[in-house]
Amino acid sequence: MSTLFESFEVIPAVDMQDGDVVQLVQGERGTETRYGDPVVAAKQWVEAGAKTLHLVDLDGAFEGDRMNATAVDAIIDAVDIPVQLGGGIRTANDAASLLDRGVNRVILGTAAVENPDLVAELAESYPGRIIVSLDAADGEVVVSGWTESTGIDPAVAAARFADYGACGILFTDVDVEGKLAGIQSSVTARVIDAVDIPVIASGGVASLDDIQTLHTTGAAATVVGTALYENKFTLADAMEVCESD
């Protein structure tokens with residue numbers, strides 16, 4: 001289906017803050033619900049059938065320093081499936097050290113928007129391993145932990161980063177992130193239509209119908225956090241929805 005995934009994937013999120021797994025509402029600090037040890041969570045998702053894990057260092061996203069590096073290292077050592085990581089990856093050296101350490105794909109957000117040449121540089125050195133994260137609120141790309149609006153259209157940005165060599169786009173709809181209120185597929189569809197590389201959809205997934213919609217819309221995968229941690233459905237059920245087509 002894509003160069004990143006053999007078929008549509010439902011990817012569990014392991015978002016880390018202060019050493020715990022957390023889920024935030026619309027990315028806002030102070031809204032977090034905590035779900036315990038990241039390594040335990042990662043192992044549980046592997047046992048549940050995950051084919052990829054999505055790790056986010058939220059302290060890195062907010063502060064710019066990778067505060068959960070120890071947990072990331074432990075997860076890499078503990079699981080035998082591909083791991084993609086975002087949050088606080090600001091420089092080529094940051095990305096290279098993670099890729100060399102065993103992270104399969106790094107996700108560049110703020111750093112990519114502020115310095116697109118970084119994407120091109122890394123994509124040349126690590127082809128197929130650089131994902132650009134585009135987070136949008138009110139139809140505009142936001143950066144710095146979703147706190148600053150750029151005025152950039154996410155579909156336009158996605159096309160530009162595809163040209164720069166990104167192997168995929170992680171698109172997060174901040175307007176619905178963490179609210180368990182369902183997705184806004186039209187926004188995601190615009191990004192999918194703008195590029196020929198895989199788009200991983202994130203934000204607002206609350207039901208199996210949401211997953212089916214994203215699959216039908218053309219997403220290569222979806223990252224799911226709150227809905228899985230709150231037992232709205234199981235990972236097995238979510239994966240089965242897309243395998244039954």
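Cβ coordinates are placed from backbone N, Cα and C, and glycine is handled just like the others.
The following features are taken from Swiss-Prot:
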{"type": "ACT_SITE", "residues": "D15", "note": "active site, proton acceptor"}
{"type": "ACT_SITE", "residues": "D135", "note": "active site, proton donor"}
- Query: Minimum Cβ neighbour count within 10 Å among the active-site residues D15, D135: which residue?
  - Reply: D135
- Inter-residue C-alpha distance, the residue listed as 'active site, proton donor' and the residue listed as 'active site, proton acceptor' (nearest angstrom): 15
- Item | Three-state secondary structure, D135 (active site, proton donor) (per DSSP) | strand
